[in-house]
């Protein structure tokens, strides 16, 4: 890879995310990174509610991270003395905030996966790991909380291999564990780092103690073998029995990490500031710069031509808006990642997703909750823009006047739970509308709907905690007092057999009439396949300009199914014939014909109700296992398997969301508070007939 002069600075850039299970110590790790990079003067403890990254009030109270804050920090490599810019995206570890993780994965080049050494790989860590796989993000793993009771570095390494199916490459080994955790051994450089003060700022570097020599030599051999597997030059040396140099080993591990074939594993205790500087060195050593990840691609309007945007400040502008936030002082902030080109304040950009030209106001580089104004953001940088009115999550921003291209967007999951919300007073009514609209702009997995007939407002989201926090923000940020109903399940509707319909809309009432006529074939698709519309009209029986309106009519009718009024999903609609009238046909008439046709097809197609099914994992002491399984079975659960972890059992099951309300309380009483569980949305499945009938009676 040849690097031009204008790209040189990018070799010293790292855009990383810190991703983990709730409570694995992710925010604390981020905090410590900011402390050691000189960005924070005093340390905030998450469990005391004062962390720098967790800056929304609810996050401080709950000690969990909700919104991914983007922060710019600087690090001087301990060994080489070279300076690096590290942009950190702090991602939430709670499953209800998966969209935040998805968004950050889109804009990262690498990630640090943080694990709790006493717990190994937990369910949410698995979800985050899979998301990183999907977006092709290279990772290093950090076995945190090595000072905690029950901490085991080997547990984390084995879990990465067994539960995640990845190849761990431990580049460190802990000296001691739990209360005796006193340092780490760097296997690459064969040095022991002993922590000599509480802040972890003083480190004594020396030789590997004799009692660890056998273990560390064996691990170094395994590390060289793993690196040789991904680097041919090293493989030749290895086969000839030669020892690689330190530089060769680092280069090979770097190559394997960037290719996502191996995952370096480090250890430490962020809370006690142990191992964080070495983690920063590893971020620099093994995670890619913006030049080492595949260039982002943009698709042109024809849907086929693809343009690559290499990371170069002198190239054409290509940026992705990955988060919208309402800021009390400056208004709407649009967080962007610049992939190519340079964004300057005061310039105009073209929002290709919305087909709008927008003016860039001021540009900010963000620290956890302070900011620095800049005149430009260059390729590889992350920052926030003030002044963009229309940009939303996942929108593509390109140069004003450039050809319209769309960068690959962000997968937005559909909400699975909804509840009714109403303002307490007349004065709250208007504020509630504004507040909900702003919150929905920030969070695309949060949907707001108003029933046309009853005027009832419902909000939908990814889980109970998600909606609880949004209602809480409505109260704090928009001063709206609201009553909320009990949570309801977001059902869907579909058809179970293929049908054909002939739908004609004709109206004659003096003067020009209305005429639209379409023949539709509607067929069921696999669960989760979404919606496909196909035009199979031949010979112009329906002119091209009426196909779009007919499709629009179909899509509008899909918003409300015949059984419970929930959206219709997983169908393919083919328009294969129809007719038109030279004078009376209009876009409106075809839209109505399309809409009527779909409604008729769903009625005829043996409609069914679909319900969200959650993947549930319960960790319980052995003696309560029977009760836990019995309870899950009584909730229409399907047990997927069990696995022993220490002296506890992990029960995995698929359970319909409608059966999981109030589960936390029931489970606590059945296990005397000793079990814990996590649940994530997994898939939609058909509701059994007897239950579907009950739902329709309600």
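Using N, Cα and C of the backbone, Cβ positions are placed for all residues, glycine too.
The Cβ of residue 146 (GTP binding site) lies under 8 Å from the Cβ of 117, 153, 174, 177, 181, 267, 268, 269, 274, 275, each of which sits 6+ residues away along the same chain. Annotated GTP binding site per Swiss-Prot: 20-27, 90-94, 144-147, in sequence order, evidence recorded as sequence analysis.
Residues annotated as domain 'tr-type G' in Swiss-Prot: 11-291.
For residue 20 (GTP binding site), the count of additional Cβ atoms within 10 Å of its Cβ stands at 28 [all protein chains shown]. Under DSSP, residue 20 (GTP binding site) is assigned to a strand (E or B) in the three-state scheme.
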